[in-house]
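TrEMBL has this to say about the protein:
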type	residues	note
TRANSMEM	12-34	transmembrane segment
TRANSMEM	40-57	transmembrane segment
TRANSMEM	69-89	transmembrane segment
TRANSMEM	109-127	transmembrane segment
TRANSMEM	139-158	transmembrane segment
TRANSMEM	164-187	transmembrane segment
TRANSMEM	199-220	transmembrane segment
TRANSMEM	255-274	transmembrane segment
TRANSMEM	281-301	transmembrane segment
TRANSMEM	313-333	transmembrane segment
TRANSMEM	345-365	transmembrane segment
TRANSMEM	409-429	transmembrane segment
Amino acid sequence: MKLSIWDRLNEIKVGPLQLPWFALLSVVIVIAVYTETVPVDMLGGFGVIITLGWLLGKIGNVIPGLNKFGGSTILSMLVPAFLVLYGLLPDNSIEAVTMLMSEANFLDLYVFSLVTGSILGMNRQVLVQGFARMMIPMFVGMVLAMLIPAVIGQLIGLGFEDTLFNIVTPSLAGGIGGGVLPLALGYSQIQGVEYGEMVATLAPASILSNFFSIAGAAIVSSLGDKQPALTGNGVLVKQGKDMDFSATKDKPQAISYQTIGIGLFLLVAVYIFGNLVQGMIGLPAAVIVIFTSTLLKYFQILPASIEEGAKQLNSFISVNFTAPLMVGLGIIYLDLGSVFEILTWQYLVVVIAVVVVLGLTGFILSKYLNMYPVEASILSLNQSAMGGTGNVAILATSKRETLMPFAQVATRIGGAITISLMITLMKLFG
């Protein structure tokens, strides 16, 4: 049966919504934006960022090539920043988004939901075994990828400390939402710098490292094609059966409004706990929440129903609001004028050095850890991935999707350790 034009259009989704209905509802928002009648409150801010976020996210996901490099995230952040740079977004809309992101603290809701949900939602056996299997290459790679590029930065005139904290660390932080944002929160609190300025300083490194990691994975994968002895074709460990995660996969749980409510209450409690402890010991709340979530998961303190709540809340927020949040960041935090000043050839050299060191570390250490060099190298490259999007892009490009559980440990836990360590060092010595 031949579908009508209307039916065909309804098959196209922009965000979770059918294209015709998205277009119809968006007209209302666009009229308000350009007549400067957007309410300067939480709902007005949501109207602006959801409209732009779902649209740009869709475009980024369908453009060939770009969709393999986290196109949804990149477009959602950069296009609004260009609109602001060239004065194409009215001040009224910018004020509404600023109110939502800063005064209503939607940014904190997203960040802490992602942190708690991603850690508590991870299968504990994957977390524990992933740590045991990856501990040596992950930590060695982390240390070398911090020190060697920082030394290079010193030699080419960027300065050791500035390179380490502002280029290398965000490259290893695990992406924008769960990496750069909490890192910037910590840095800004310690240094007394505006949060937006800090995000603009750190975000380019995360985006570029993700791009070069994907390219690196493609190169390493092609090496495996040319020299089959170097690859397990998706199997990480040589000899015998690789870790079988089929038995550890959690059965999908039905989405429940009550379960999401539990997750929200847990998030609020952990967030307030982080702020209470921050007032006592001085460490930023983001670091405290990361460690608290990891300990809760490792020691299985929470019942499964509460962990599922954190997982479902994270899924709801990340699926619907990741691209819109990037729009908000692009509008009020990403000063492209400052970013263009940052992006020099020296900056690119340092970011490339981070990726090269990670890839080589995994490749070389694999010999001593009974791992296949290609898989170990690709896994190490996930330490500089841009969150889960980066994991998918790296593994899809190299056709190593079976490594996803390990990749998540490398990005999530490796990023959490990097953030916590570097914020602590800045607090002690900065």
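Glycine too: its Cβ is placed from the backbone N, Cα and C atoms.
Distant neighbours of the transmembrane segment (164-187): 73, 77, 107, 110-111, 114-115, 118, 142, 145-146, 149-150, 153, 158, 193, 195, 198-199, 201-203, 205-210, 284-287, 290, 318, 322, 325-326, 329, 347, 350-351, 354-355, 383-390, 411-412, 414-416, 418-419, 422-423, 426, 430; these residues of the same chain sit at least 6 beyond its ends, with a Cβ under 8 Å from one of its Cβ atoms. Distant neighbours of the transmembrane segment (313-333): 15-16, 45-46, 48-50, 52-54, 56-57, 60, 72-73, 76-81, 83-84, 89, 93-94, 97-98, 100-102, 106-107, 109-110, 113-114, 116-118, 121, 176-177, 181, 195-196, 199-200, 203, 260, 263-264, 267; these residues of the same chain sit at least 6 beyond its ends, with a Cβ under 8 Å from one of its Cβ atoms. For the transmembrane segment (199-220), the list of distant contacts is 68-70, 74, 77, 166-173, 175-176, 179-181, 183-184, 187, 329, 333-335, 338-339, 342-343, 347-348, 351-352, 354-356, 358-359, 363, 374, 377-378, 381-382, 384-386, 389-390, 393-395, 397-398, 400: same-chain residues at least six beyond its ends, Cβ to Cβ under 8 Å. With respect to Cβ pairs under 8 Å, the transmembrane segment (139-158) is most closely packed against 409-429, considering the stretches 255-274, 281-301, 409-429. The stretches the transmembrane segment (281-301) and the transmembrane segment (345-365) do not meet in space: the count of Cβ pairs below 8 angstroms, excluding pairs fewer than 6 apart in sequence, stays at fewer than three. Sequence-distant neighbours of the transmembrane segment (345-365) (same chain, 6+ residues past either end, Cβ-Cβ under 8 Å): 136-137, 140-141, 144-145, 148-149, 152-153, 156-158, 163, 167-168, 171-172, 204-205, 208-209, 212-213, 216, 220, 371, 373-374, 376-381, 383-384. Long-range contacts of the transmembrane segment (409-429) within its own chain (CB-CB distance under 8 A, at least 6 residues past either end) are made by residues 115, 118-119, 122, 126-127, 130-131, 134, 138, 142, 164-165, 169, 172-175, 178-179, 182-183, 186-187, 190-191, 282-284, 286-287, 290-291, 294, 379-380, 382-383, 385, 387-388, 390-391.
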